[in-house]
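First comes the structure, then the notes that go with it.
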Amino acid sequence: MKQIVILASGSGSNAENIISFFKEKGSAEVSAVFTNKKTAGVLERCDRLKTAAFYFNRTAFSDSDGFVKLLKGLNPDLIVLAGFLWKIPTSLLKAFPNTIINIHPSLLPKYGGKGMYGAKVHQAVRENLESETGITIHYVNENYDEGAIIFQAKTRVEPSDDADSIAKKVHELEYEHFPRVIEKLLLKDGK
Ligand code: GAR
């Protein structure tokens, strides 16, 4: 069976959605979730879903040899960043070419880059009076939010929307599309 590893830093609602999707489908499984935050909500979600989850600190992550070996041992077909906020070290990118993907809550290249995550993205979209926003799923490279785009989906921003309601619309797009895009990538030749 195809193996997915998820890296997440926060609440983990996307991680939960992906885990549940593949539990139901049976076409792949999330073998483990890793987080860089001890208090991340994703840990509690994984406990509830009976999915293995691990915390790692900055030292473990930047000792890339160790981390690469750990991940290699899990033999992942895809490494999925679902709200993961640390930059991926070059050694990890080299060890897993075309294997690490990220979801970003805007229509990249708009509202990407260092410091642009979660609510900050939606506030900027609101402040700039954008009429649409959306999600971008992309391969990860050495720069924040700059890897090749795999998929985008849009939603309208109404004048009455605030950052919270924009976040809700964007999350809905994420829940709808992210697991399906992952499934498609896993079905592709060579994955
Ligand atoms: C998601 O909206 C994801 O797109 C975003 O963080 C949120 C995590 O929510 N990622 C970024 O902003 C990355 N730059 P979740 O923890 O509930 O899945």
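Here the Cβ of each residue, glycine as well, is placed from N, Cα and C on the backbone.
Remember, TrEMBL labels are computer predictions, not curated facts.
As given in TrEMBL:
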type: ACT_SITE; residues: HIS104; note: active site, proton donor
type: BINDING; residues: GLY12, SER13, ASN14; note: N(1)-(5-phospho-beta-D-ribosyl)glycinamide binding site
type: BINDING; residues: ARG58, ASN102; note: (6R)-10-formyltetrahydrofolate binding site
type: DOMAIN; residues: 2-182; note: domain 'Formyl transferase N-terminal'
type: SITE; residues: ASP145; note: site 'Raises pKa of active site His'
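Mapped onto this structure are the features recorded in TrEMBL.
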residue : record                                                  : CB count, 10 Å
GLY12   : N(1)-(5-phospho-beta-D-ribosyl)glycinamide binding site : 25
SER13   : N(1)-(5-phospho-beta-D-ribosyl)glycinamide binding site : 17
ASN14   : N(1)-(5-phospho-beta-D-ribosyl)glycinamide binding site : 23
ARG58   : (6R)-10-formyltetrahydrofolate binding site             : 9
ASN102  : (6R)-10-formyltetrahydrofolate binding site             : 23
HIS104  : active site, proton donor                               : 28
ASP145  : site 'Raises pKa of active site His'                    : 21
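On the backbone, the CA of ASN14 (N(1)-(5-phospho-beta-D-ribosyl)glycinamide binding site) and the CA of ASN102 ((6R)-10-formyltetrahydrofolate binding site) stand 11 Å apart.
Among the recorded positions listed (GLY12, SER13, ASP145), ASP145 has its Cα nearest to the Cα of ASN102 ((6R)-10-formyltetrahydrofolate binding site). For the residue listed as 'active site, proton donor', none of the binding-site residues have C-alpha atoms inside a 10 Å radius of its own C-alpha, out of GLY12, SER13, ARG58.
DSSP gives ASN14 (N(1)-(5-phospho-beta-D-ribosyl)glycinamide binding site) a helix state. Reduced to three states, the DSSP call for ARG58 ((6R)-10-formyltetrahydrofolate binding site) is helix.
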